[in-house]
């Protein structure tokens, strides 16, 4: 979280640097960006509105992403299967994130910031459209008029020819998904042209919700390893060096949530933002989603651990804001979120006598694991889908084509990749 001028960012990320990283908290007026401009002093009302809105927006993708992660794990469709993070992945994640963060730091030191951010903007423009489309799809299914015919399509991207032809990308979507895509594209163009904070937040919320929904920890121990490693990572790069702050001020992408502190004075044209990195949402969020799936696996019709961790997240985020304004110094939010999100549920499990069961079991039931195993085999065998490739297409090194589909629809944005 940070109070900075418009154009300065403090992202939390969508890939290793984006999921954990640039999420230091900066107190009002202390950011280096403000050194060249008149110091902005937010009103108490503006500050309360900004931080209250950020906390509320942070809770949305965690709550709905966790709920969607339960149904996502039960899906029998190979393309809907989530990505599972193992203990080995969790142990390597802080190291990979550190290398990526330092690599970005060197890039910004060596190359022009303008061109790097141009490439990043185009990259996140495409990712944002896909993420927002996937987020909107369930809502579109509910409100789409029943009297409008639904046509189905398929986009295939193949490589090679004849027996060596391999299917690289396979998108199947319908009319409703096309509408979602058009709306998302409008938001993307709006962001690229104006960099407006509302468009930024729409993409940021979509990234966060998809991350919480589709990134699954395989057990509680893995979650503790991941959060513990990123706890050390966050503290080191914020307090130990200026790398994270430098990258944060240079990095321009919709991978943070922002809300203006001068909204009451300037309306939608406000320019003094409080910011929350997506890393402070997704990293604790996937652990909270894991606890919800653990609640479901207990089959007790209670959501004790989910509610406990959800309240712990609110407590940790509130504590971060309080410490920031009390000591007037940048704060790594995971310093407070990790102990809260891990500690509170563990205490509850200890009091209920379920601590051993929590660490011994996994949130994924046997059905989830079996369906994931089946899905992985399907994704790695492109020849099983070879009948979908039209024989009338002339052999070429690479083919891209769009065809109408009469059956076998899967939601837009889901793909089979090799």
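Cβ atoms here come from the backbone N, Cα and C positions, even for glycine.
Between the listed ranges 200-218, 333-351, 352-370, TrEMBL ties the annotation transmembrane segment to 333-351. Annotated by TrEMBL as transmembrane segment, the relevant range among 304-327, 376-399 is 304-327. Two recorded stretches are said to be in contact when at least 3 C-beta pairs lie under 8 angstroms, sequence spacing 6 or more; the transmembrane segment (268-292) and the transmembrane segment (90-108) fall short of this definition. Counting Cβ pairs closer than 8 Å and at least 6 residues apart in sequence, the transmembrane segment (178-193) and the transmembrane segment (224-248) reach fewer than three and form no contact. Within its own chain, the transmembrane segment (333-351) has Cβ neighbours under 8 Å at 1, 20, 23-25, 223-224, 227-228, 230-231, 234-235, 276-277, 279-280, 283-284, 287-288, 291, 304-305, 308-309, 311-313, 315-317, 319-320, 323, 357-358, counting only residues six or more beyond its boundaries. Same-chain residues lying 6+ beyond the ends of the transmembrane segment (114-132) with a Cβ under 8 Å from its Cβ atoms: 14, 107-108, 180-181, 183-185, 187-188, 191-192, 202-203, 206-207, 210, 250-255, 413.
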